[in-house]
Amino acid sequence: MDKGLHFTFHVITTMLLLRGSSQAGEKNDPKMWAASKSVISLFFDLQGTDSRGPGEGLPTLTVTTILEDPYVMVRSAELEGYCIDLLKALAAMLHFSYKVKVVGDGQYGAVSSTGNWTGMIGEILRQEADIAVAPLTVTSAREEVVSFTTPFLQTGIGILLRKDTVSQEMSFFHFLAPFSKETWTGLLFAYVLTCFCLFLVARLSPCEWNEPKNEENHFTFLNSLWFGAGALALQGVTPRPKALSVRVIAAVWWLFTIALLAAYIANFTALLSSGSEQLPIQTFEDLVKQRKLEFGTLEGSSTFYYFKNSKNPIHQMIYEYMDKRRDHVLVKTYQEAVQRVLESSYAFIGESISQDLAAARHCDLIRAPEVIGARGFGIATTQASPWTKKLSVAVLKLRESGDLDYLRNKWWETSCLHKSRERWSPLQPQALGGLFLTLAVGLALGVIAAVVELSNKSRHAAGHVKKSCCSVFTEEMCTRLRIKENTRQSQESSGRANA
């Protein structure tokens, strides 16, 4: 408030008190009391209105707004908040003065049963205000009767819940939650593929299995599965690889499992600390299916009409529920909605950006992950107003200069933000894409190394038996891959010789 106003108030009050004390024992003058009452009334009337006096040749705009934290609030008998700071920045940029008034009926603006507009939209149409600077959503119905500037804030429709009213016991397989279903499927495929490559390479490599007809290959498929499982548990198991090709695959698999376990432990710790997986209501469909919570929105708000006009079956069910229980589930103000969520089994459907603030300041609240109906908050003006284009350009300049981001960070920073937990989500395969690629490259190198080892042996053997290298390599590979059949044939031939 202006310092001169403070000084005038205190001087007049002091004079009245001195005058009254000098006439001790006499009745107070009714005129003097009426004058003092009018002064005090004038003082508080001036306190309730935030204004900037008209300067030399500056136009004065009457601004209507609504009390909603953190957009417009009353602090120390003055108005402050995001919208007030935005209004100051616009006034400084466009060179106008303004007078702020709070909307009389406390409504944003909707068509009443009589066909007239209520709230801030109605005040603009009745020319009681020039512009409306508030968290006023741009909708087609409002755009038909007033004009909107470029949105200064982007938002959507979300669900505000109380944590303890929607929490549920952890599922029996909660330990699987750190990874998504796709990730678990990919890990199972990687495990089986790696064990198969171990089995194949151990058979092909002469360094691992030198004499297929006389030696037993320890890397059977079952043993390969056991070797891979032991690596997952960070335990050393037999058989131990001897060939370079088998060791390459084993080393890459060990590296894969170490990184995998680190990611699992980190995500599982985040899951336990976040508690977001305990929310059974993740979407609007979940909200419709449950029966424990009542849900509603602001009466006459754009959110209510969004569900009314939506063709989505889920949205239609939400509208029918709210319309049938209009007197019970619809709330008058945003503060009433937050208080009802805190004190009862109630879910509030409204602007997600306001719900984020409520969840930050009230640590018992949380917003469901799904957000629908992307929309924006704009400044409303009369149709064909010369200020519409000017204000739109000014809002764009404030956004480009980063001032809107600064205001957002300023007014959404609260003491409860440090208590809020980061939103958790299962680890997707894309996050482990590099790890899967490394494993694939390692498996390919191991198979190539086994083929090289087998070809080197075949080349040396071809020189002794005087055959081509390709024929020896083919015979050696067939022998190693069909060892059981060859063994059975050798046993049958030896049985006939003995007979």
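Placement of Cβ uses the backbone N, Cα and C atoms for every residue, glycine included.
Record features (TrEMBL):
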| type | residues | note |
| --- | --- | --- |
| BINDING | Pro135, Thr137, Arg142, Ser302, Thr303, Glu351 | L-glutamate binding site |
| DOMAIN | 60-414 | domain 'Ionotropic glutamate receptor C-terminal' |
| SITE | Lys308 | site 'Interaction with the cone snail toxin Con-ikot-ikot' |
| SITE | Lys397 | site 'Interaction with the cone snail toxin Con-ikot-ikot' |
| TRANSMEM | 184-206 | transmembrane segment |
| TRANSMEM | 218-237 | transmembrane segment |
| TRANSMEM | 244-266 | transmembrane segment |
| TRANSMEM | 431-452 | transmembrane segment |
Tertiary neighbours of Ser302 (L-glutamate binding site) (same chain, Cβ under 8 Å, six or more apart): Tyr108, Thr137, Thr139, Arg142, Arg375
Output field, L-glutamate shell: CB within 8 Å of site CB centroid, site Pro135, Thr137, Arg142, Ser302, Thr303, Glu351 dropped: Tyr108, Leu136, Val138, Thr139, Thr155, Ser301, Arg375, Phe377
Among the L-glutamate-binding set Pro135, Thr137, Arg142, Ser302, Thr303, Glu351, as the record gives it, the longest Cα-Cα distance in Å: 17
Position of peak Cβ density within 10 Å, selected from the recorded positions Arg142, Lys308, Lys397: Arg142
Residue from Pro135, Glu351, Lys397 whose C-alpha is spatially nearest that of Lys308 (site 'Interaction with the cone snail toxin Con-ikot-ikot'), among the recorded positions: Glu351
Separation of alpha carbons, Lys397 (site 'Interaction with the cone snail toxin Con-ikot-ikot') and Thr303 (L-glutamate binding site) (Å): 29
Mean of the pLDDT scores, which run from 0 to 100, over the domain 'Ionotropic glutamate receptor C-terminal' (60-414): 88
Integer Cα-Cα distance in angstrom, Lys397 (site 'Interaction with the cone snail toxin Con-ikot-ikot') to Pro135 (L-glutamate binding site): 19
Neighbouring C-beta atoms (10 Å sphere around the C-beta of Glu351 (L-glutamate binding site)): 27
